[in-house]
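Visitor: Let me begin by handing over the structure; questions about it come next.
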Amino acid sequence: MGKPRVIYWFRTDLRLHDSPALRAALDLDPTWDVTHLVFEKDTDAYARERDRVVIALAEKAGIQVVSRYGRTLWDSDEVVAKHGGKPTMSITQLQAAGKKVGEIPRPIPAPDYLPDPGDMPIDFEQRKPETEPDINAPLRDDVEDTYSHIAGPQGDFAIATLDELGFSAAPTTPHRGGETNALKQLEGLFSDEKYAATFQKPKTSPAAFQPQSTTLLSPMLHFGALSPRLFYWKAQDLVEKYGKGASTPPESLTGQLLFRDMYFAAYAAIGSPFVQTINNAYCRFIPWHLPSKIGETETGGNAISGEYHVDSPQAEEWFVRWKMGVTGFPFVDAMMRQLRIEGWIHHLGRHMVACFLTRGGCYVHWERGADVFEEWLIDHEPASNAGNWQWMSCTAFYSQYYRCYSPIAFGQKWDKKGEFIRKWVPELKNLDEKFIYEPWKASKAALDEAGVIIEGDGLHEGTEGTYPAPMFDFGQRRSACIAAMKRAYSIGIYGNNDKAKDGTWKRLFEEAGETEMEGFGGSSSGKGQIDQASNQDESGKGGLKHANQGIAVKEGPMDKFAKRLKK
Ligand SMILES: Cc1cc2nc3c(=O)[nH]c(=O)nc-3n(C[C@H](O)[C@H](O)[C@H](O)COP(=O)(O)OP(=O)(O)OC[C@H]3O[C@@H](n4cnc5c(N)ncnc54)[C@H](O)[C@@H]3O)c2cc1C
């Protein structure tokens, strides 16, 4: 037999350093006569499903498949196996199971060379994949060109550019990816030994910008431009060298990476129900507003469909205003605008806006918030996103629902003068710091002096300097939410309970005196529902005021959605 010919499938590992799968491919000493397919293991539910199909096809074609884990500190499946097949629901469970798996492997060096693929004849039939429905259609200005040629639009196997994907707008995020940047960022982080060795997450400010107070390495980890093991061992070695005063998990840098592994292992154990309530035995059922529509999977199971029921027009309006960063609570709005433009916000900022949308304000389903994060985060990770939304909404991992973030006091704790708000909510940039978190309390004279008009709902074009009044009384909403959470906890059903699935939960909650769900079920016939996936154009007048004045933001489906809501 001749030398092996290997296709290496870059997926969750856009790097050369510490890539066990790439190493395995190179160890085959390939000649490029395809005999092997090699890729990094991915335990996300959709990836497992895809890989099952790919592996079957490859084996049928006589191609050997090799895969290695490298996306997490430990192989998530091994962690689950050492945890009795169960999901890791706390960092201590993860640590205990990880210990049984063994020491986190040290990173392996980048290869010295990559073999030249040489001649790659591609004179075979190209079967173009189905591209409908195209959920990005509203954002494209041009046709997607990715499949015009089997070796990519230019025929050179390069990654498609934004233009080639049909997007002409320039990216709004200032953050840039790639392994070179990732390693430079890592080096910068560890050059400040005191910062890295004594890092305590709860002491980092969500309002800090230029620079932010945490590492901002999450997008690099998401794309695999940075190996989590390299990051871990840099941090761990430094802590050992630093000695007294060094921080420890869960607050330390290593602790942050352990949280990441905890969510990955939880997802690996639970599978697709992990990213939803329905069928998820570990996620509490709470009758939030705007629940997902449930569809049937190919295997006959239930899965959220990406669309949702509008049980309450009021909650729908709150949700849209939350997403657009026009709630009238400046700290929440600043966070949501940073998220929309930059694709990243600080962890405690995520806490703040997630609590506000769910159990500490709007009582809107955490799955709605997770959808928005999925769309906008540049570090979006299904395991971390769903897991953290469950944590913050007190449906899993965490249960202290009576502890809510105040959109006023919490921001003031970090940023008395409101500099973060001034950056992201420029309508308020000249407002006295006494009112920057609560502009509705400012006197007419103070508002006039700052050129601010408090008016409207923020969803429509207004006079320059117009900022909306708060969309509700926060104190009242917090009390209503805590009372509703208390009832839901006492009823105590989970996503795999039949009552959660067949609708009989409703009677249970009515009997317990639940009023938060008024109007629930009113639109399940389809009336009043808004199909999020719809990309039909409509001619809503009075264009949406873009939340970030002076910053070009492309109108997305949600903008159209918001206009339609107001029509
Ligand atoms: C509602 C909500 C949704 C979130 N969605 C995501 C997501 O989609 N993708 C994502 O990577 N993180 C998510 N997080 C976790 C966390 O907010 C981000 O990982 C972190 O803010 C990234 O910034 P950083 O790299 O500066 O973090 P650092 O504090 O510097 O931490 C270093 C690394 O540890 C990991 N990490 C830290 N905290 C967590 C955590 N709580 N959960 C999982 N990993 C963590 C990240 O990979 C991060 O890059 C979410 C948090 C919340 C509250």
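If you go along the chain as it appears here, the first residue is 1 and each next one adds 1.
Placement of Cβ uses the backbone N, Cα and C atoms for every residue, glycine included.
Straight from TrEMBL, here's the annotation block:
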BINDING   T214, T215, L216, L217, S218  FAD binding site
COMPBIAS  556-567  compositional bias 'Basic and acidic residues'
DOMAIN    1-73  domain 'Photolyase/cryptochrome alpha/beta'
REGION    516-567  region 'Disordered'
SITE      W288  site 'Electron transfer via tryptophanyl radical'
SITE      W366  site 'Electron transfer via tryptophanyl radical'
SITE      W389  site 'Electron transfer via tryptophanyl radical'
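Quick one: where do these features end up spatially?
Guide: In sequence order, H175, Q185, W344 make up the list of same-chain residues 6 or more apart from L216 (FAD binding site) whose Cβ falls under 8 Å from its Cβ. Mapped onto three states, the DSSP output places L216 (FAD binding site) in coil.
There are 28 other CB atoms within 10 A of the CB of W288 (site 'Electron transfer via tryptophanyl radical'), with all protein chains counted.
Secondary structure from DSSP puts W366 (site 'Electron transfer via tryptophanyl radical') in a helix.
Counting Cβ atoms from all protein chains shown, W389 (site 'Electron transfer via tryptophanyl radical') has 26 others lying within 10 Å of its own Cβ.
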Visitor: What average pLDDT is reported by the model for the domain 'Photolyase/cryptochrome alpha/beta' (1-73)?
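Guide: Here the mean pLDDT over the domain 'Photolyase/cryptochrome alpha/beta' (1-73) amounts to 88.
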Visitor: Using the alpha carbons only, what distance in Å do you get between T214 (FAD binding site) and W288 (site 'Electron transfer via tryptophanyl radical') once rounded?
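Guide: That separation, Cα to Cα, works out to 32 Å.
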Visitor: Please work out which residue of T214, T215, L217, W366 has the most C-beta neighbours within 10 angstroms of its C-beta, and give that one of the recorded positions.
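Guide: Result for the most crowded candidate: W366.
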Visitor: Tell me which recorded positions (T214, T215, L216, W288, W389) have a Cβ under 6 A from ligand 1; sequence order is fine.
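Guide: T214, T215, L216, W389, in sequence order.
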Visitor: Considering Cα atoms only, can you say which of W288, W366, W389 is the nearest neighbour of T215 (FAD binding site) among these recorded sites?
Guide: W389
Visitor: Other than T214, T215, L216, L217, S218, which residues of the chain come within 8 Å of the FAD site, judged by Cβ distance to the Cβ centroid of those residues?
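Guide: So the extra residues in range turn out to be Q212, P219, M220.
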Visitor: If you compare CA-to-CA distances from W288 (site 'Electron transfer via tryptophanyl radical') to each of the recorded positions L217, S218, W366, W389, which comes out shortest?
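Guide: Of all the candidates listed, W366 is nearest in space.
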Visitor: Using C-alpha atoms, which one of the recorded positions L217, S218, W389 comes nearest to W366 (site 'Electron transfer via tryptophanyl radical')?
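Guide: Closest by Cα distance to W366 (site 'Electron transfer via tryptophanyl radical') among the recorded positions L217, S218, W389: W389.
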